[in-house]
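**Student:** One structure is given below, represented as structure tokens, and several questions about it will come after.
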């Protein structure tokens, strides 16, 4: 394995980590807000608060990690993505900022403030949409050259592209699906039957749109980027495996094995995510930038990988502690119900 | 206005907001640790409550610090794509390590906040603060080393636009780093101590005679004195560093035009269009002493530096603001300390307490002025000697509208933080909380 491949694999791992923890977080915020509107808030409130409070900060760090690592391993991406994505990513930052601070204001400051909670829910749904622009643009076809020799984002073709909107739709529904599946599991640990029933229903509701949009995108890719489509076809068995995991997760959900069901949801996304990543190899930004021409110098690559290994030796035990204290800890999760 | 100018202003805006929360973010964990430790050692519920309440307020500032920090992290690539493309190969290591340190801090802060009364041995809960303090100091260290690198780039060779011989550790441990990191840390601890002292003094000024506030004031002022002295000492070392590695910044800060020995230190004053200094205090020999510890030492003047590399002369004012406030606050905390020790009662007068209340905001102004001084002072460079600011900026035409959007965002964040923090503590005063705690303890004792 070359250094470039190690680098992009590490980054892809961070991005996947962010996709999962952020999905749970964004979805939880959305359910928290939407149940205020549907007057079912009292059912889900305690479960969501118990989970979110100690971990909300950690979510954000995954994103910064991915992003800093990206510039570290592939400094050229700073030029391409930085120049092109000024507007969409700035919007994401603003939404993330409002969301993060309103969460803190609502949770630690004025408890139960409806405005803050609604804000938290709405921004949570908009962020995946604005962040997925980065993924869409990296697919190629939305960047044009300026007369002065620079590059810029072609907003018109971006906003009128059905392909782009399909990815936005996929990011939205999969956020709700992943989140509902996790919260169903969490409320089963909490033995909170009412919340469990609600989240189980949400998982069913959001599961089918997720799989339909995902398949739709694979088909659309044929017209949008034939090279990438070929790459995906050659990995068809991985996407098939992902589909099997999807079916397994629903079957386990029906059998009321919520923990195992959630594990299969993660597996489903992990396989599809990695298959998608491998199929676009070696492009970071099609067709301008590959992982080979954007790579950092060798010394820095070794230094980063070393830092990464040591950092992870520190992080994994700490994350395990968080898990033990808050996520797998029955007395903690159940406390407010008793 | 051009994208370069707008990018500079937007970066300045984001950093000026972020530094408020970053300073508090670095400083508060150590204050919580000291209070918590005193509380456990003396079995004093007042100190424990101090730790608890500071931690609670701290969460709000951490939240805003995280989001403004995310903003600046991403804006670096959005506004300065060419700079990051180049420097990314040199400073990726400290940037990467900074996120690790922050991750570490975030995890343990979350655990600390949600585990009051969950450990059988209260000391185990206290130990959770160690990674928080360490993480916050380390992230300050790593990120400051990146900034230091921009001031003194080293650890690579540039041959015909190609980078070779890259040494990440040499880039990280550059000559600017030790003084910069030390100055950032000591001034953050100092500023935080004064801010917390301001709060305690405010309650005393309002006529609250509770023991809790007196203890808080005495503790924070003592810490403030220690770190004010440390900040001043490190500041002196920073001046010596500047003279050696960035003489143009020091010369512009001092309006020092002629290279000469027996150089005076210029305080205040205005500069005419012909570069004559008017209405200024001049302390003879002081600049030479500052730089060389020798009244006759020769200090490089601006006239010996090519005009296109001169930083804006306005940085003199930022330098003055920072130093004046620093000296004033050191003096204030020293007077307080002596008076406390000798039992002089004038520190309980209204006027003195008003001075104490203003100390926190003043310290924060000094922090801002100090950063403006150091950042504006390395213009026209983004990477001194290698890349000018204009070469690093984006050519996107949308920076103006983003500036407006972020300005509105920061306004919302600042107002929100102020409102939430005041409400949080007004609705739940110390007296009420102490009462609640003692009721809980009695029920446990039964």
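Even glycines carry a Cβ here, placed using N, Cα and C.
Note: TrEMBL annotation is automatic and uncurated.
According to TrEMBL:
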- B:12-38: transmembrane segment (TRANSMEM)
- B:58-80: transmembrane segment (TRANSMEM)
- B:92-114: transmembrane segment (TRANSMEM)
- B:126-150: transmembrane segment (TRANSMEM)
- B:181-204: transmembrane segment (TRANSMEM)
- B:216-235: transmembrane segment (TRANSMEM)
- B:317-339: transmembrane segment (TRANSMEM)
- B:351-373: transmembrane segment (TRANSMEM)
- B:399-421: transmembrane segment (TRANSMEM)
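Tell me about the surroundings of these features in the structure.
**Tutor:** Listed by sequence, the residues of this chain that lie at least six past the ends of the transmembrane segment (B:12-38) yet keep a Cβ under 8 A from its Cβ atoms are 44, 47-48, 50-51, 54-55, 58, 61-62, 64-65, 68-69, 71-72, 75, 105, 109, 126, 129-130, 132-133, 136-137, 140, 184-185, 187-193, 195-196, 219-220, 223, 364, 367-368, 371-372, 375, 403, 406-407, 410, 413-414.
Listed by sequence, the residues of this chain that lie at least six past the ends of the transmembrane segment (B:58-80) yet keep a Cβ under 8 A from its Cβ atoms are 7, 10-11, 14-15, 17-18, 21-22, 24-25, 28-29, 32, 102, 106, 109, 113, 382, 392-394, 399, 406, 410, 413, 417, 420-421, 424.
Outside the transmembrane segment (B:181-204) by six or more residues, the chain places 22-24, 26-28, 30-31, 54, 137, 140-141, 144-145, 148, 210, 213-214, 216-217, 220-221, 223-224, 227-228, 230-231, 234-235, 237-238, 329, 333, 348, 353, 356-364, 366-367, 370 with a CB less than 8 A from a CB of the stretch.
With a cut-off of 8 Å between Cβ atoms, the residues of this chain six or more beyond the transmembrane segment (B:317-339) that come close are 190, 194, 221-222, 224-225, 228-229, 231-232, 235, 253-254, 267-268, 346-347, 355-356, 359, 362-363, 365-366, 369-370, 372-373, 376.
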**Student:** In the same chain, which residue numbers or ranges, 6 or more beyond the ends of the transmembrane segment (B:126-150), come under 8 angstroms Cβ to Cβ?
**Tutor:** 22, 25-26, 29-30, 32-33, 36-37, 40, 87, 90-91, 94-95, 97-98, 101-109, 111-112, 115, 171-174, 176-177, 180-181, 184-185, 188, 378, 381-384
